[in-house]
Every structure is written in C-alpha cells, then in structure tokens.
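What TrEMBL says about this protein:
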BINDING   ARG75  pyridoxal 5'-phosphate binding site
BINDING   ARG97, SER98, GLN105, ARG293  substrate binding site
BINDING   ARG251, ARG378, LYS443  tRNA binding site
MOD_RES   LYS264  N6-(pyridoxal phosphate)lysine
Amino acid sequence: MNSENFSLSEKIVSSSYIRQGSQARRSHEQLIRHLLEQGKCPEEGWSESTVELFLNELAVMDSNNFLGNCGVGEREGRVASSLVARRHYRLIHGIGRSGDIAAIQPKAAGSSLLNKLTNSVALDILKLSGVRSVASCFVVPMATGMSLTLCFLTLRHRRPKARYIIWPRIDQKSCFKAMITAGFEPRKIEELGADNVLCVHSTTSCFAPRVPDRLEELATMCAKYNIPHIVNNAYGVQSSKCMHLIQQGARVGRIDAFVQSLDKNFMVPVGGAIIAGFDEPFIQEISKMYPGRASASPSLDVLITLLTLGASGYKKLLSERKEIYSFLAQELKSLASAHGERLLHTPHNPISLAMSLDGLQAESDKAVTHLGSMLFTRQVSGARVIPLGKEQTISGHTFRGFMSHSEEYPCPYLNAASAVGITRDDVTLCIKRLDKCLKTLKKDGNAAKSKFCFGNTLGSSAR
C-alpha cells in the first residue's frame with residue numbers, strides 16, 4: 001500500500017499498529033530501492049516475502065495485468081491456466097521485441113525492468129567471480145551450445161569471407177555442433193590464412209583429464225592475427241581459476257565473448273546462458289542477432305536465485321564447492337588405491353576429476369561400460385565412465401576415442417565433478433556405492449574366471 005492507503009487504514013485499525021505495518025513494508029521497499037539504485041546483487045540475500053513483493057510489483061506494470069485492459073492484438077499475454085500464470089508470477093509478455101532481445105517492450109514495463117535488472121545483477125556476479133573488467137552481458141533463453149552459435153552467427157556479419165573456426169578439441173557434442181550449426185568447419189590457422197578464420201573457439205571448464213585451454217597464449221595469438229576469440233565457459237563461473245584465465249586472457253590479448261550456462265553455475269532449471277564480453281557494442285550486436293521476443297523464465301529464475309542468495313550466499317557456495325573438490329579428490333584417490341587404480345594427475349582442472357579403470361579393462365571391455373550402468377541404476381548421477389576407443393560421428397565428422405578428448409588415450413577412466421551445490425554427503429554416498437560396484441564387478445570377474453578354469457579341468461579329465 002502507498003502512504004495514502006496507510007493513512008486511510010488508521011481509521012479502521014489502531015494507528016500504532018498501522019504505523020508498525022508501514023515500517024515493515026518500508027524495510028522491504030528499502031531493499032528494492034537499493035537494487036534499483038545500484039543494479040548490483042545485494043550483499044545479503046532477500047527473504048522470499050521481499051522477492052515475491054518485488055515480482056508482484058513488476059507484474060502489475062505489465063499490460064496483461066492492468067485492471068480494465070482491453071487487448072485486441074495477436075499477442076496480449078493471455079494465459080489459459082491459472083497454474084501457469086502463478087508459475088511465472090503473471091510476467092507473461094517475455095523480454096525484448098521482434099528486433100532486439102534487449103529492447104524495452106511498451107506493453108511490459110515490468111518485464112522489461114526485470115530483464116535490465118537481471119543483466120545488471122549477472123554482470124555484478126561475473127565481476128565478483130573474477131572477471132572484473134567485463135563490460136557487458138545479457139541473459140539469453142538458450143543453453144550454452146545455441147548461445148555459442150549466436151556468437152558465431154554475429155561474427156559472420158563482421159567476417160563474411162571466413163568459413164573456419166579454430167577449435168582445440170573437447171569431446172562435448174554441443175560445443176562441436178554449435179560451430180557446425182552456424183555453418184563453419186573447425187580447422188588450423190596455418191592451413192587457411194587468418195582472413196578465412198571466423199574465430200578461435202576455446203574452452204575453460206571441461207571434463208578431466210582435459211584441462212582448460214591456455215587462454216593467455218590463445219588470446220595473444222588472436223590479437224596478433226586479428227582473429228576474434230570466443231570462450232566456452234560453460235560451468236566456469238563457479239571456478240576462480242577459470243574466471244582468472246578469462247580475465248588474464250582479456251588483459252594480455254583478445255577475448256570477444258565468453259558464454260556460461262545458468263543451470264550449471266546458479267542452480268536454476270536448464271534453458272539459459274549468459275553471454276558476456278569486454279566490448280559493450282559487440283555484446284549488444286549479439287543480443288540484436290537474436291530473432292524475436294524471448295522467454296523471460298531464465299531471467300526470472302536467475303534473478304530470484306541471486307536475490308535470495310545475495311552476494312555473500314553465492315560466495316559461500318563457491319567456497320564450499322572448492323573445499324569439497326579437495327575432499328572428493330582425497331576420497332577418490334583412496335578408493336582408487338584400494339582397487340589397484342589411480343587418481344589421474346590433472347591439477348589444472350579445478351572442477352572435474354578422473355580415476356583410472358585399468359583393472360576393469362583387464363577383465364573385459366564390457367566390465368568398464370557395465371560400471372556406468374551399475375552406478376546409474378544405483379542413483380549415482382553425473383559420473384561418466386569412458387571406455388577405450390569409443391567412436392562418435394557428429395554431423396559427418398568422426399571422432400576416435402570420443403569423450404577422452406584424444407584419439408588414443410592410454411586408459412579407460414571414470415569422471416566425477418565437484419560442482420556448485422554439491423555436499424559432502426553426495427561425495428560420501430557416491431564413494432560408498434562406487435566401492436560396492438567395483439567389488440561386485442571384481443567378484444563377478446573372478447567367478448567367471450573360476451568357472452572357465454573349472455570347465456577346462458573337467459574337459460581335460462574327460463579326455
């Protein structure tokens with residue numbers, strides 16, 4: 001209520017009580033005022049009541065929620081299900097306009113304000129996480145792969161003769177398909193000449209045993225040859241090392257844009273990413289490449305999350321993730337040793353770890369792949385088992401040794417990652433179940449060998 005309505009309320013209920021209620025309301029409004037003034041993530045997280053009050057205030061600014069609104073257009077923010085309306089806090093119009101995802105929408109002042117604030121808060125978090133010189137960013141309602149494609153398509157207008165992308169191999173399908181979908185082929189600079197190269201497409205966060213690319217050297221090379229540089233930072237915001245690499249790369253050379261997933265870094269539903277960079281006009285150019293309006297759901301989800309966590313809450317999550325990485329490494333190393341395996345040496349990968357599976361490979365190829373299915377049926381999600389020599393064809397390109405980032409990696413292995421939100425209980429339970437699976441497979445392997453030997457013995461006796 002506004003001050004006039006509070007004054008009127010004093011005629012109905014004791015004025016002292018109304019004043020107390022008015023002061024409580026002002027405490028919520030003070031937090032909202034600071035957000036609007038500063039455009040930064042609040043240091044301390046908001047309560048759910050403050051977040052919901054803020055979202056309701058935004059929603060009543062959109063035309064679909066105007067009392068007495070008469071809509072005669074083809075897109076009026078009409079929703080058939082009240083459940084859907086509540087799920088989206090009645091923010092139905094989405095963000096942007098047909099020509100620019102960042103444009104203000106006349107019918108939706110509240111949703112437009114939501115979009116601008118989300119981008120501003122996201123920029124603040126990227127700076128807080130280590131890329132302090134980042135100039136601009138925007139949330140896009142597409143996951144990492146399609147967001148990278150949008151960057152490549154924007155560069156196509158700047159470099160119309162270019163047909164190729166320089167890509168240090170990483171065995172993750174969406175990274176490769178992002179380039180193919182945009183109509184480019186991965187190649188080497190020396191083979192092609194700089195003018196024919198659209199950009200260098202590097203990677204920070206990745207599955208062990210691969211480690212982040214050497215961004216400083218790549219950025220220096222891009223500056224030397226005047227070649228754009230796009231960084232896949234899919235889940236790198238949660239890693240101070242990955243963010244430091246981006247900051248240093250931009251300081252010593254050239255990085256045009258870096259892309260990160262919302263779900264992996266901020267624990268929200270899949271479907272959004274942040275495209276960021278050091279040249280604001282170029283980031284705006286990418287945003288204008290997005291055709292049509294866009295869903296506001298990813299922006300809404302990440303804004304709610306960051307307002308609830310606050311800067312201090314997010315920093316706490318990052319610190320806990322780093323601590324649990326050390327715990328996971330220690331537990332995996334102990335387990336590997338107990339089973340005659342080893343923790344692979346990947347000190348430059350700050351999130352993902354890998355444990356060899358040589359013993360299982362000695363049993364059979366099937367034993368390695370069977371471990372992956374055993375873990376999944378025992379509700380261990382996210383652990384990846386990589387056998388030797390797997391082939392994968394993507395858009396006509398065949399990769400040998402797929403998922404190991406190398407044509408001939410010397411051993412099969414298992415991946416586990418310490419990502420934001422992981423707990424010590426997750427690690428402890430995973431190690432317990434992994435240990436049990438390895439023992440079961442070893443026992444089954446020994447039983448099969450004994451059966452084979454016993455069968456041979458009977459055969460010899462019969463002869």
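Residue numbering: from 1, along the chain as shown.
Note: Cβ is positioned from N, Cα and C throughout, glycine not excepted.
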Counting Cβ atoms within 10 Å of each candidate's own Cβ, which of the binding-site residues ARG75, ARG293, ARG378, LYS443 comes out highest? ARG293
Among the recorded positions listed as ARG75, GLN105, LYS264, ARG293, the Cα nearest the Cα of ARG378 (tRNA binding site) belongs to LYS264
Other C-beta atoms that fall within 10 angstroms of the C-beta of SER98 (substrate binding site): 9
By CA-CA distance, flag whichever of LYS264, ARG293, LYS443 among the recorded positions is nearest to ARG75 (pyridoxal 5'-phosphate binding site). ARG293
Pairwise over ARG251, ARG378, LYS443, annotated as binding tRNA, what's the top Cα to Cα distance to the nearest Å? 55
Largest separation between Cα atoms (Å) of residues that the record links to substrate, namely ARG97, SER98, GLN105, ARG293: 10
Here are the binding-site residues: ARG97, GLN105, ARG251. Which has the lowest count of other Cβ atoms within 10 Å? ARG251
Give the distance between the Cα atoms of GLN105 (substrate binding site) and ARG251 (tRNA binding site), rounded to the nearest whole Å. 36
Residue among recorded positions ARG251, LYS264, LYS443 with Cα closest to the Cα of ARG97 (substrate binding site): LYS264
Relative to the Cβ position of LYS264 (N6-(pyridoxal phosphate)lysine), how many further Cβ atoms are located within 10 Å? 23
